[in-house]
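Below is one structure; the comments refer to it alone.
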Amino acid sequence: MTNRKYIVGNWKMNGMQAQLSDIAAIAEIAEQHGEIDVAICPPVTLIAAAATKCPQFAIGAQDCHQSSSGAHTGCVSAEMIREAGALLSILGHSERRADQYETDADVKAKAEAVKAAGLGAIICVGETEEERDDGRAVEVVCGQLEGSFPDEADADWLTIAYEPVWAIGTGRVPETSDVKEMHEAIRNKIGKLMGDGAEKVRILYGGSMNGGNAAELLSVPNVDGGLVGGSSLTADKFGPIIDAAAKL
Ligand SMILES: O=C[C@H](O)COP(=O)(O)O
């Protein structure tokens, strides 16, 4: 079975009001490709404006808190991002796991909060270069997946993103055979964690995906889409990735 491709742009800490026109241009390209799903996750400051400007297009958040309200200075809840217009949230990105000391348990709690709010979740997992060099990549990624995996998972709202930390923003991409091995391992692990329906959970690849390598990466078995950083910031760069996915 082949899942519908899903291409998600993670703008990280990039984007001011002036860049709303880029989101509108990306939304226009996405609209021409109804056979795939496309979303952009801008900084939280742009969610409401982007959702208002592009009401037919999926806007997401890059994180949210596991509690619905309370004394958590600087945080936003799943309900808050939903009210702002988000339809999904990225969770457990390696930059947050590293910078904010997010644990697997935190990511799992956030995923369950996101589900309760009626949003989609993209849970990120990935090994460091040292872990890969030690031959522990699959073990580490499957361990993260197990620890972060929500109870009552369902493909309707849950997506997994495999992002080797050493490939993020570096221009380095794993060998196709390594991507294949890891996505197959993730698929099998999801099967053990949730049983029926595991084959429908989409598994995205992330890390230096661009218009030149997208077709090859997206053709790997069990790669159901991409989580794209730098190359999602403009329609010029993101458009070719959307086009490549739509052709598969
Ligand atoms: O969430 C996106 C990833 O971290 C990939 O970023 P990148 O495409 O800039 O390597």
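Even glycines carry a Cβ here, placed using N, Cα and C.
Residues or ranges marked as active site, electrophile in TrEMBL: His93. Neighbours of His93 (active site, electrophile), defined as other CB atoms within 10 A of its CB across all chains, total 28. DSSP assigns His93 (active site, electrophile) to coil, not to a helix or a strand.
Among the features that TrEMBL reports, active site, proton acceptor is placed at Glu163. Long-range C-beta contacts of Glu163 (active site, proton acceptor), restricted to its own chain and to partners at least six residues apart, with a cutoff below 8 Å, comprise His93, Ser94, Cys124, Val125, Gly126, Tyr205, Gly206, Gly207, Leu227.
Sequence-distant contacts of Asn10 (substrate binding site), defined as residues of its own chain at least six apart whose C-beta falls under 8 angstroms from its C-beta, comprise Cys41, Gln62, Ile90, His93, Gly206, Leu227, Val228, Gly229, Ser232. Asn10 (substrate binding site) carries a strand DSSP state (E or B). Residues annotated as substrate binding site in TrEMBL: Asn10, Trp11, Lys12, Gly169, Ser208, Gly229, Gly230.
Highlighted here are the recorded positions (Lys12, Glu163, Ser208) whose C-beta falls below 6 Å from ligand 1: Glu163, Ser208, in sequence order. The maximal spread of the substrate binding site, taken as the longest Cα to Cα distance among Asn10, Trp11, Lys12, Gly169, Ser208, Gly229, Gly230, is 14 Å. Excluding the listed site residues Asn10, Trp11, Lys12, Gly169, Ser208, Gly229, Gly230, the same chain places Asn14, Ile168, Val228, Ser231, Ser232, Leu233 with Cβ atoms within 8 Å of the centre of the substrate site Cβ atoms. Annotation note: Ser208 (substrate binding site) sits in a coil segment as assigned by DSSP. Note on Ser208 (substrate binding site): other Cβ atoms within 10 Å of its Cβ, all shown chains, come to 21.
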